[in-house]
Amino acid sequence: MAVLTHLLAVLFGMGSWVSINGLWVELPLIVPQVPEGWYLPSYLSVLIQAANVGPLVVTLMHRLRPGVLNEAAVIYGIVAVGAVASFLLAFFWKETVVVGGAPRSLALLVLTFFLATVDCTSSVTFLPFMMHLQPHFLTSYFIGEGLSGLLPALAALVQGVGLVRCVNSSQSLNHSGHGARRLEARYQPSNFSAEVFFFFLSAMMLVSLAAFLLLDLHPAVARQQPDPRYSAGSRERSRRSRKRAEQRPMMDPFRPQNHKPRSSLGSSSCSQKQLAFIFVVLGWVNALSNTALPSVQSYSCLPYGNGAYHLSAALAAVSNPLAGFVAMFVSIRSLVFLGFLTVLGTGIGSYIMLMAALSPCPLLVNDGAGAAIMVLAWILFIFSLSYVKVIIGVILRDEGHSALVWCGAVVQLGSLLGAVTMFPLVSVYGLFSSGDPCSTSCP
């Protein structure tokens, strides 16, 4: 039954960010068919950050009215909304409405806001729910969370989204009267439509909903739960027990002097400074890996060719669940080690950011080694910071229910700060220039 619970935790975690991740990888197919064009990603970024109202409400409820919020009911509601919104996107994403004298993709934007609210709120509901299971199942949840980015990317790869073919294109006549030719990038037609892709996203949300239903109510899963007060699903969880769980402190000020934690940061053994360090690191790594660096991925990779771009995107997506899988067997809780991985990931991210700033002529642009280094940099960057996020989640799980609520809140706060910082640099001031995947010309 433990294997079943691990599988259900993976499928449950898969529903956390699958909708928004899927929408992002589908943009090359959507953008040419909507009136917003390539301004659409900017609009989506604003909508996703506005959707943080969801986790804000949940966090305030836990803080101000502990025990009142029915966590399971919220999860049922948001996953169902995500499935319905993804399903409706298949029918209405191309529909336009005249707003202010210009056509707008109102249905696409509204449904995207609902999807973003679902995914943002999952950070402060899915993680705390995992308190109802034994600690080692949390790592499986993080593997599923990583798959929420990998599976849509693989589906888009099969679909053929973003694949470019380099063709000869005539330019203006030169002084001798002959037309100069250059290679021009053209998107290849997709193997199946965006409608089918949105049906796929809706099906993944339904799978996540079914997994949560079993995690919450199935008797076999109940035997994997650490506390008998959770043993028969949410129907038998009293408000009083939920309140006790939420009010459990993240530190125990009356801990005996001879208390020996399981590790350097074991159960209920965090000091205020340690918690501050953990949350600062958590916010920082999420700002980098969720918004800051992904916003410049195309600038950092396309100068090295379309192959380098797709390979870095695919392998970076694989690195996320792989980090969770490694953490399942090698769980190093040392704060020094987590600090080292954070510094390492930040350094690699700085290299990626520098190459993006130098685009379209970064270092080693015409050398195969440059492409190999960039792909490796993205793999190591995502792997190292994903491992840090998983271990921090495991540590905070030992600190209690409220710690996981704040964990989700800090994840969203870090992502918000990263987006707010990068949006004006990329979309307003235009500090980054995209490379041509077919004909990058550098001195």
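Positions of Cβ are set from backbone N, Cα and C atoms, glycine also.
Taken verbatim from TrEMBL:
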type	residues	note
TRANSMEM	38-61	transmembrane segment
TRANSMEM	73-93	transmembrane segment
TRANSMEM	105-129	transmembrane segment
TRANSMEM	141-164	transmembrane segment
TRANSMEM	196-215	transmembrane segment
REGION	225-267	region 'Disordered'
TRANSMEM	275-296	transmembrane segment
TRANSMEM	308-330	transmembrane segment
TRANSMEM	337-358	transmembrane segment
TRANSMEM	370-396	transmembrane segment
TRANSMEM	403-432	transmembrane segment
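Listed stretches 38-61, 73-93, 196-215, 370-396, 403-432 were compared with the transmembrane segment (141-164); the greatest number of C-beta pairs under 8 angstroms is found for 196-215. A Cβ distance under 8 Å defines the sequence-distant neighbours of the transmembrane segment (73-93), meaning residues of its chain 6+ beyond its ends; these are 15, 19, 22, 30, 34, 54, 58, 105, 107-108, 111, 114-115, 117-119, 121-122, 125-126, 129, 194-196, 198-199, 201-202, 205-206, 208-209, 212-213, 234.
Under the criterion of 3 or more C-beta pairs below 8 Å, with sequence separation of 6 or more, the transmembrane segment (38-61) and the transmembrane segment (337-358) do not qualify as touching, having fewer than 3 such pairs. Here the listed stretches are 105-129, 308-330, 370-396, and the one with the most C-beta pairs under 8 angstroms to the transmembrane segment (337-358) is 370-396. Taking every recorded stretch in 196-215, 275-296, 308-330, 370-396, 403-432 and counting its Cβ pairs under 8 Å to the transmembrane segment (105-129), the highest total belongs to 403-432.
Across the candidate stretches 196-215, 275-296, 308-330, 403-432, the maximum count of CB pairs under 8 A to the transmembrane segment (370-396) is reached by 308-330. Packing against the transmembrane segment (403-432) from elsewhere in the chain are residues 42, 45-46, 48-49, 52, 55, 58-59, 62, 120, 122-128, 130-131, 246, 250, 279, 282-288, 290-292, 295-296, 299, 356-357, 359, 389, 392-393, 396-397: each is 6 or more residues past its ends and has a CB under 8 Å from a CB in it.
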